[in-house]
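> Here's a structure for you.
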Amino acid sequence: MPKLRSATSTQGRNMAGARALWRATGMKENDFGKPIIAVVNSFTQFVPGHVHLKDMGQLVATEIEKFGGVAKEFNTIAVDDGIAMGHGGMLYSLPSRDLIADSVEYMVNAHCADAMVCISNCDKITPGMLMAALRLNIPTVFVSGGPMEAGKTKLSDQIIKLDLVDAMIQGANPNVSDDVSEQIERSACPTCGSCSGMFTANSMNCLTEALGLSLPGNGSCLATHADRKQLFLAAGKQIVELCKRYYEQDDTSVLPRSIATKEAFDNAMSLDIAMGGSTNTVLHLLAAAQEAEVNFTMADIDRLSRVVPCLSKVAPNTQKYHMEDVHRAGGIMAILGELDRAGLLNSQTRTILGMSIGEQIAKYDIKLTQDKAIHKFFRAGPAGIRTTQAFLQDCRWDTVDDDRENGCIRSKEFAYSQDGGLAMLSGNIALDGCIVKTAGVDESILKFSGKAIVFESQEDAVSGILGGKVQAGHVVVIRYEGPKGGPGMQEMLYPTSYLKSMGLGKACALLTDGRFSGGTSGLSIGHCSPEAAAGGLIGVVKDGDIIEIDIPNRRIELMVSEEELAERRAEQDKLGWKPANRQREVSFALKVYGYFATSADKGAVRDKTKI
């Protein structure tokens, strides 16, 4: 029978000092011997996805103590990628993921906590906490802050849906008036919550459902809706149940590594492909798998991308649907249900509810259940009220969207494409692979050949795009922006958005060893591995080189002879594979991150051979 980890600091005369300190935190005599459950919050006023989380930790804590646990809350940092975007702040975004994972480990192990409830929401916070949960392997429940309502405004007598990316694109479009640009800016992000499309934050929160580590609805129920409160309350109750099963019944099936198995990672990646999720999820799943000691690699992603269809298109891949529409269509359980019926899901993987994912689908998929409470839950909709307050409204759609032919979520028979929403490409310029979100690529450019125009940094690329250097037919190459070369692997949302602003969204490709925001669409290929700073061939591309991209056949090639490539490699070996004439201040903390960082195909985790 496993002993409570917290007994290390609460039992025996030698721990009198520790107990005295625990008492000073509010613990009573009868609390010693109960599981101490860490409530890992991420409240901050810097991030709209986290601005409403201040009271969520204590909401969960009260429920934990109601059912027999002792709750102790602490906070992690949280970076807003949208606010950090387009300047030096973005260098810190991806490194913050690993810092979050480490900080959770430090707090939980230093204080010998028995279990965790992870309250996350935005881009690097959910992955960081996920890495920590799989590293620590103690009972854990994830509950997120929930998606933002879609922005809405009236243009040309039509109501249109908006998000952050629309504000960025229109703000840089010289043909859009100041008044219209400001109108869009003011309307794009109306409430608290993670940005309203299938960007990185929402993608990752959806994936925790597929991994089995969060409750149904976690990825899709709006931050503003009263129903989300029930998810927080249920998380508090469920973590106590998991503690009892593990510490009192020796049931190891409730542990994160028992739930997030290789098959569960396959399910999560299949979900991401089916819903056209962010390419960042690839990076984070690879990193999480390493923490779980699961052999999940780019080869698995390639395998799945060839068989899983694209069942849902959500902003930024279309402006018709946002996360509020995914929820109305049955949420993640509905997409997993369609994958299951298509024979593309491992239905025997386990969840924190003690069910198999197949049993959970049977209970929560609106196509399978007639339970009125389940249908009511998935009718939860937006109120259209500007607010930073959680649980403010109880608006509901009249009906759920169960149209699997033309609705937000499709069946395999009526899929947007049979080829999935993400693809891994490989070739001489990306020997270890690169990633493209095919759900966001126009069919006319699935095959593309163009001349390279090379930039040594994101900043130079932005200047080149807005300055008219980039023309139709170009392949924009942005290099030395990988985990090591940045350092920090910046997101390239501004370059991709500005290509659209300049009318080049369907006329150019973009290739980088950096990464993309979940808000990116278009022929945007990232995670090029090995990265330039690690000796990847993207580091030897020259202006005018022809790059051929063939998404249907999963190929990307630099059309330069082997002899010429050998000469260029030798030249870069002498130069140390560093960007030419880049002016960038890099702090000591970022230099340390860059020194240990691996390329994107390894999840940009630390290189353990250097330790």
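Glycine is treated like the rest: Cβ placed from N, Cα and C.
Note that the coordinates shown come from a computational prediction; the quantities given were computed from them, not determined experimentally.
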> Say Swiss-Prot lists ASP123, LYS124, GLU491 as binding Mg(2+): which of ASP81, ASP163, ASP166 is in the same site, per that record?
ASP81
> Taking only same-chain residues 6+ apart in sequence, whose CB is under 8 Å from that of LYS124 (Mg(2+) binding site), what do you get?
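Long-range Cβ contacts: ALA78, VAL79, ASP81, SER93, LEU94, SER96, ARG97, ILE100.
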> With a radius of 8 angstroms around the mean position of the C-beta atoms of ASP81, ASP123, LYS124, GLU491, what other residues of the same chain does the Mg(2+) site pick up?
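Same chain, not in ASP81, ASP123, LYS124, GLU491, Cβ within 8 Å: VAL79, ALA84, SER93, LEU94, CYS122, THR200, ALA201, ASN280, SER517.
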> For ASP123 (Mg(2+) binding site), write down the residues of its own chain that are at least 6 apart in sequence and whose Cβ falls under 8 Å from its Cβ; none is a fine answer.
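Spatial neighbours, sequence-distant, of ASP123 (Mg(2+) binding site): VAL79, ASP81, SER93, PHE199, THR200, ALA201, MET204, ASN280, GLY518.
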> If you measure from the Cα of GLU491 (Mg(2+) binding site), which of the recorded positions CYS122, CYS195, SER517 is the nearest?
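Given the candidates CYS122, CYS195, SER517, the nearest one is SER517.
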> Give the distance between the Cα atoms of CYS122 ([2Fe-2S] cluster binding site) and SER517 (active site, proton acceptor), rounded to the nearest whole Å.
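Answer for this pair: 12 Å between alpha carbons.
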